[in-house]
Amino acid sequence: MFQTLYSYFWWERLWLPANLTWADLEDRDGRVYAKASDLYITLPLAFLFLVVRHLFETYVATPLAGLLNVKEKVRLKATPNAVLEKFYAATSKHPKQADVEMLSKKSGCTVRQVERWFRRRRNQDRPSLLKKFREASWRFTFYLIAFIAGMAVIVDKPWFYDLREVWKGYPIQSMLPSQYWYYMIELSFYWSLLFSIASDVKRKDFKEQIIHHVATIILISFSWFANYIRAGTLIMALHDSSDYLLESAKMFNYAGWRNTCNNIFIVFAAVFIITRLVILPFWIMHCTVVYPLDLYPAFFGYYFFNFMMVVLQSLHIFWAYLIIRMAQKFITGKVVEDERSDREETDNSEEEEEAAKNGPLSNGHPVLNNNHRKTD
C-alpha cells in the first residue's frame, strides 16, 4: 500500500509537463538537477537554526537591548487566588459579567476586584518587552542577510531582467550551487519558524501566520520538486525585501526611538505595498500563470503552484489592510500601534485608589501604562 501511494505521489503527470519523465531530470553531462532527497537536510538545519537563534538572542540580542535601553515596565501582579486562578486556567481568561458576579461571591472579592484581577492576570501572561525585542532582532538579522544573499544569487541572472527567461528550456534547467544553498537556508528557516511558533509572541493574526508558514514551506518544496527554481528564487528575494524593515522598526519601537521607528515604518509600508501588491501579482504571478502556457499545456503542478501563490497573495492583501490602517492613523497624527498586537490592559486611577485602600490585589507598585506604541 505504501508503495502504491508513493507511486501515485511521484506520478510524473502531477509534477512535470506532458512527454517529460523523471529520467529527463537525471544528472548528466555536467548538469545537476534538483532532487526531492535534497530537502531532507532542511529538517536538521531547522533545529540548528533554533540553536543558533537561542545563542543569538542570549549573547547578541540581550546585550543589544541593554545598549538601546530597552526597559521592562513594572506590571501589577494579581494576588494568588485559587478560585479565580482555577476559572482563568480552565474556563476563560475573559469572564462574562455573570461569571464575574459569580466569582465575586465565591472568592469574597468585590466585582471590581475580580475584574482587576483578570486584567492583571492576563497582563502577566503577555510576553515581555525583552522577549519581543529578541525575536525582532533575530528575524531582522536573518531577513537582512537572506535578502542580500538572495540578490547576490539572482542579480546577475538573465531572468532577473527578463521574466520570460524563467521558463527558457524548462524543465531542463541545471541547478546552480548558489540556488541550492539559497533554497536550503530559506526552507530551513521557515521550518524553524513553524517549530517555534507556539512559544513565540502570539499576535491576533496567529492563524494567518501558521497558514503563511505552511504555504511558504509547501511552495518552496514544490518549486524544488518541479524545478521551478528560477521563479522560486525571485519570489523568496521579493518577500525578504520588506521583512527586515518591519523587524527593524519593531526593534526601534521597543527601544523607544519613536522618530526612527516612524520613518522606517513609512519605508516598510511603501516597499511592502509595491512588492506584495504590485510586483508580485502583476509581474511574478503573471510570469508563473501566463508564460508557461506558451511552452506546454497546463498540468497539475502548474495549477497547484499558482493556487498556493493565490493563498500567499490573499494573506498579503490582509496584512496590507492592517498596514494601511496603521498608516492612516500615522498620517492623521493618531498613535500608531500594530493592529496585530494584543495590547496590555491598564487599571484606571479610581480603581487603583480603591485597590490601595481595600483590595487584596494591590502590590504597592505605581500604575504604569505599558501600551506599546507604533509597530509592535
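Glycine residues also receive a Cβ, built from the backbone N, Cα and C atoms like all the rest.
Sequence annotations record features per position, and here TrEMBL assigns transmembrane segment to 39-56 (among others).
Secondary structure of the domain 'Homeobox' (67-128) per DSSP, as helix, strand and coil residue counts: 36 helix, 0 strand, 26 coil. The domain 'Homeobox' feature in TrEMBL is assigned to 67-128.
As annotated by TrEMBL, DNA-binding region applies to 69-129.
For 131-332, the entry in TrEMBL reads domain 'TLC'.
What TrEMBL lists as transmembrane segment is 140-160 (among others).
Listed by sequence, the residues of this chain that lie at least six past the ends of the transmembrane segment (210-229) yet keep a Cβ under 8 A from its Cβ atoms are 15-16, 25, 33-34, 36, 38-39, 170-171, 173, 175, 179, 183, 186-187, 190-191, 193-194, 197, 235-236, 288, 301, 304-305, 308-309, 311-312, 315. The transmembrane segment annotation in TrEMBL covers 210-229 (among others).
Per TrEMBL, the feature transmembrane segment maps to 264-284 (among others). Here the transmembrane segment (264-284) has Cβ contacts under 8 Å with residues 163, 231, 234-235, 238-239, 241-242, 245-246, 248-249, 252, 313, 316-317, 319-320, 323-324, 326-327, 330, 336, 374-375 of the same chain, all six or more residues outside its ends.
Per TrEMBL, the feature transmembrane segment maps to 304-324 (among others).
Under the heading region 'Disordered', TrEMBL lists 337-376.
The compositional bias 'Acidic residues' feature in TrEMBL is assigned to 344-354.
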